[in-house]
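Notes follow once the structure below has been shown.
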Amino acid sequence: LCSREGEFCYKLRKCCAGFYCKAFVLHCYRN
């Protein structure tokens, strides 16, 4: 299970390939 662009990310739910977890807002953004 992974988060896509604009979705919440945290320790147990990483971002999908091609995305990164932006600090503080904890949302996935496109690389």
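Glycine is treated like the rest: Cβ placed from N, Cα and C.
What you are looking at is a predicted structure, and each value in this text was computed from that prediction instead of being measured.
For C28, the cysteine that Swiss-Prot lists as its disulphide partner among C2, C15 is C15. Of the listed cysteines (C9, C16), only C9 is recorded by Swiss-Prot as the disulfide partner of C21. Here the disulfide-bonded residues are C9, C15, C16, C21, C28, and the one whose Cβ sees the fewest other Cβ atoms within 10 Å is C16.
Within 10 Å of the Cα of C21 (disulfide bond), the following disulfide-bonded residues from the list C2, C15, C28 place their own Cα: C15, C28.
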